[in-house]
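K.L.:
Pulled these features from Swiss-Prot for this protein:
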- His36: active site (ACT_SITE)
- Tyr39, Lys80, Asp468, Gly505: ATP binding site (BINDING)
- Glu82: Mg(2+) 1 binding site (BINDING)
- Ser83, His84, Asn85, His86, Arg105, Gln226, Glu294, Thr295, Gln296, Ser508: substrate binding site (BINDING)
- His84: active site, proton acceptor (ACT_SITE)
- Asp106, Asp252: Mg(2+) 2 binding site (BINDING)
Amino acid sequence: MKITLSSYEMELVRKKLAREPNEAEWLTIDALWSEHCSYKSSKVFLRSFPSEGEKVLMGIEDWQDAGALDVGDGWAIVLKLESHNHPSAIDPFNGAATGVGGIIRDIISKGAKPIALLDMIRVGNLSNPRNKWLLKNIIAGIGFYGNSIGVPVVGGELDFDDSYNDNPLVDVAGVGIVRKDKIVPSVVKEPGLKIVIVGLTGLDGLGGASFASRKLSGEDEIGAVQIADPFAGKIVLDVTLEIADKVEAIKDLGGGGLVVGVTEMANGLGAIVNLDKVPLRVKDLKPEEILVSETQERMLFAVKEENVNEVCKAFEYYDYPCAVIGEFVKEPYIKFLYGGKEIVSLPSDLLLSPPRFIWEIKKPKLIKSDKKPEVGLEESIRAILSRIISKEWAYSQFDYEVGTSTVLKPGEADSALISLPNGKLLALKGDANPDLCAEDSYECGKSIVAEAYRNLASVGAIGIGVVDHLQFGDPKKPEVYYSFVEAIRGIAEASKFFSTPIVGGKVSFYNENKEGKAIKPTPLIVMAGLIKDKFLRNKVVEDSYITLIGFTRDEMRGSLFGKIFGNYGEVPKARLNEDYLASQLVVNLINDEKIFFAKDINKGGLIASLFSILVKGMGVEIETSSIPSDTDDWIPKLYSENGGRFIVLTNDPEYIIRKSKGIHISVIGKITKDQGIIKIDNKEINVNKEIDNYYNYLYEVMS
């Protein structure tokens, strides 16, 4: 197992301890000081995130496994977002499957029942056979675990870009439901509690936290990938929820394994653990391997002595291993024993106080152009629409209706929608925009929060909270670090503006190949929202009016049009007040039952939003002169991706205008019965070929 600590960090350890640590202690420090566990290159900036709010029950707190939001009537939702990027690049099936399993265990560690999953996947171009292999196995792994354990995958994203050729991104978000007075902490508050482990410890996942904290080397790193067992995971899920009121704290044994789980759960107290008592899957494991193994389907409990027997009996009923391996103590030292000898004895504050780094920052030099590409209307439409594809091939492999709480199916709307036990509806949406982030990560950070807010509004929901995942290359590279810091600034600003506090998140650095080529900056957020009144299930009605809410701007840089034909102009600025006002208007129109279709304008611009109507078997006709804009140029009118805009379908546009209160509103066209025909300024274009491609592309290329 490799030690990833720098020479500076190793010397710092020696100075603080006034001695040379042994091998087991070096592995312990390496795991807890890894970027994956310590956030040593990011924590300084993450403190700018808003984490408090009216509905926040558990926010960004050290060592809590998930955030919690109040959804009324004594109920809370628990939110978590994680990735398994590095493991999925090596073993995509198990990497993705264990990513789902880890999220499930993070949710149940709060005493919550998992009710929904979202997956956000990014791989390279599918013309590359390896990328097809990655995608096929990533989807299979997610489906295998989610379907087997009985938690629906209700939505997500699927995106392709060459920057992910060697580094796929596999993000999974989970939501659970729990009575808010039954939320279980992940840390202990008093000594004397017994440390109980459930599950068998094996050789898989050795050094996984350190593996996730460096770039892929091209060497055989399969041993750092954990093996998924959803059937064991189902036992862990059910029994953990059964005994949740009998324990004082719960923690998933995830990144860094037992040594990280015990240290974080101790939360500054001490712990004494006997490794001889840890149930093993493989005989003769070395103590160092027991310490940092990341074998899946294991949990750690802090239990009062009088409840230990009841907790273990519940697991042993299913022949699932359960053992008392130690105790939390007042003395702030983490100690591990093996064979009657003390092999680790380290101060808690040393382990939980890694050095913090602020690396050099340098603004990337981007090649800018003001030269507009020369392209015709029909050529541009066909090029854009050919990039927009149905994700049905992926989500058809998931059981998205298990549990009977799914209200809107994947692909049916811009947001997932699930029912809660109190009768309310919860909306969920994940958003990222790597193309924009590659141009301006500050505006990108703001825009992904704003887009998620609009996505929720399009089904009738108002955002209440956010979890984030920040995925970048090597933080020691000044241009990468600049993008990272600026993305945080944008996300923080927008989250404060929309009153959607960030209740949890993750940072993933070193997403680059062995040549040092990094992915595009990919900050991702998942926003949760509540329906206060009515929700919208989109339908397209012939002769209804296509009404544009919002103002279109000549801001083309970072757009899908720019990606295809060449970037030019300025990046779209996130004007958060416009997003807020437009979103509130759409929610009000849904509640007033004055619209029957709503779609925010984002990737691909207005044309892409109109395409979501065309694929439903109708036609559209619009006049570009009716589009409120700062330009007469048809290209930005059709393809700009600036925010604050929706298209809605209505039979009463005058009502919308009366309710708009200063927001730009314009009837730009009508729905026709001419299937697959888009008519723009009296020019008809048949896009039935692109509609066929939309439905069939993934099925054909992945066959």
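Including glycine, each Cβ sits where the backbone N, Cα and C put it.
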K.L.:
Can you tell me which binding-site residues out of Tyr39, Asp252, Gln296 are within 10 A of the residue listed as 'Mg(2+) 1 binding site' by Cα, answering none if there aren't any?
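P.N.:
Of Tyr39, Asp252, Gln296, within range: none.
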K.L.:
So how many other Cβ atoms are close to His84 (active site, proton acceptor), meaning within 10 Å of its Cβ?
P.N.:
31
K.L.:
About how far apart, in whole Å, are the alpha carbons (Cα) of His84 (active site, proton acceptor) and Gln296 (substrate binding site)?
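P.N.:
Between the Cα atoms of His84 (active site, proton acceptor) and Gln296 (substrate binding site), the distance comes to 13 Å.
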K.L.:
Please give me the CB contact count at 10 A for Asp468 (ATP binding site), counting all chains in the structure.
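P.N.:
The answer is 27.
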K.L.:
Between the Cα atoms of Gln296 (substrate binding site) and Asp106 (Mg(2+) 2 binding site), find the distance and write it as a whole number of Å.
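P.N.:
On Cα coordinates alone, these residues lie 12 Å apart.
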K.L.:
Show which residues of the chain containing Asp106 (Mg(2+) 2 binding site), separated from it by at least 6 in sequence, have their CB under 8 Å from its CB.
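P.N.:
In sequence order, the residues whose Cβ lies under 8 Å from that of Asp106 (Mg(2+) 2 binding site) (at least 6 apart) are Asp65, Ala66, Lys80, Glu82, Gly174, Asp252, Gly254.
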K.L.:
List the Cα distance (Å, whole number) between His36 (active site) and Asp468 (ATP binding site).
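P.N.:
For His36 (active site) versus Asp468 (ATP binding site), the Cα atoms are 15 Å apart.
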K.L.:
What whole-number Å value do you get for the CA-CA distance of Gly505 (ATP binding site) and Ser83 (substrate binding site)?
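P.N.:
Gly505 (ATP binding site) and Ser83 (substrate binding site) have their Cα atoms 10 Å apart.
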K.L.:
Over all pairs within Ser83, His84, Asn85, His86, Arg105, Gln226, Glu294, Thr295, Gln296, Ser508, the annotated substrate binders, what is the largest Cα to Cα distance, rounded to whole Å?
P.N.:
21
K.L.:
According to DSSP, collapsed to three classes, what secondary structure does Gly505 (ATP binding site) have?
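P.N.:
Gly505 (ATP binding site) sits in a strand per DSSP.
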K.L.:
Using the Cβ centroid of Tyr39, Lys80, Asp468, Gly505 as the reference point for the ATP site, which residues of the same chain not in that list have Cβ within 8 Å?
P.N.:
Ile60, Leu81, Val467, His469, Leu470, Ile502, Gly504, Lys506, Val507
K.L.:
Tell me, by DSSP, whether Asp106 (Mg(2+) 2 binding site) is helix, strand or coil?
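P.N.:
In the DSSP reduction, Asp106 (Mg(2+) 2 binding site) maps to helix.
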